[in-house]
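What follows is a single structure, written as structure tokens, with notes after it.
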Amino acid sequence: MITIDFQKMGGLIPAIIQDHATNEVLMVAFMDEKTLNLTLESGKTWFFSRSRNKYWMKGEESGNTQEVVEVLTDCDADAVVIKVKQNGPAACHTGNRSCFYVRWEDGQWVEHSEPLFDPAEVYKK
């Protein structure tokens, strides 16, 4: 039986989130054992925020939730790929569909996407 190795990175593993239909990488976040279990049990993606030191469910503020379609681990069992159905227009807190909208081009980083929503309107605190 395979067991996910949370010890290599101090209790966390990287979680690569992909669109299940297109395989587009939507985001990368971190999970601990609790958030991986919450994800597997609920069918929604849950993560551990290193900057806020708290658990969060994707879409809890924006409504842009993610429904889990498939979960895979790598050969070392220290990372996961989670294929999801993205609900709402965007996975990124910037309003872009994917967090990977900045491309290295001609010696500089260039944004290649327009936000699909205004984060200031969605994340009012």
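Glycine too: its Cβ is placed from the backbone N, Cα and C atoms.
Record features, source Swiss-Prot:
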{"type": "BINDING", "residues": "D74, D76, D78", "note": "Mg(2+) binding site"}
{"type": "BINDING", "residues": "C75, C92, C99", "note": "Zn(2+) binding site"}
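When the binding-site residues D74, D78 are compared by the number of other CB atoms within 10 angstroms of each CB, D74 has the fewest. Highlighted in sequence order, D5, K8, T73, C75, A77, A79 have their Cβ within 8 Å of the centre of the Cβ atoms of D74, D76, D78, the residues recorded for Mg(2+), and are not part of that set. Here the Cα atom of C99 (Zn(2+) binding site) is found 22 Å from that of D78 (Mg(2+) binding site). You'll find the Cα of D74 (Mg(2+) binding site) roughly 24 Å from the Cα of C92 (Zn(2+) binding site). For C75 (Zn(2+) binding site), the Cβ neighbour count at a 10 Å cut-off comes to 7, with all displayed protein chains included. The Cβ of C92 (Zn(2+) binding site) lies under 8 Å from the Cβ of L26, M27, S98, C99, Y101, each on the same chain and at least six residues away in sequence. Taking the Cβ of D76 (Mg(2+) binding site) as reference, residues of its chain lying under 8 Å away and at least six apart in sequence are, in sequence order, D5, K8.
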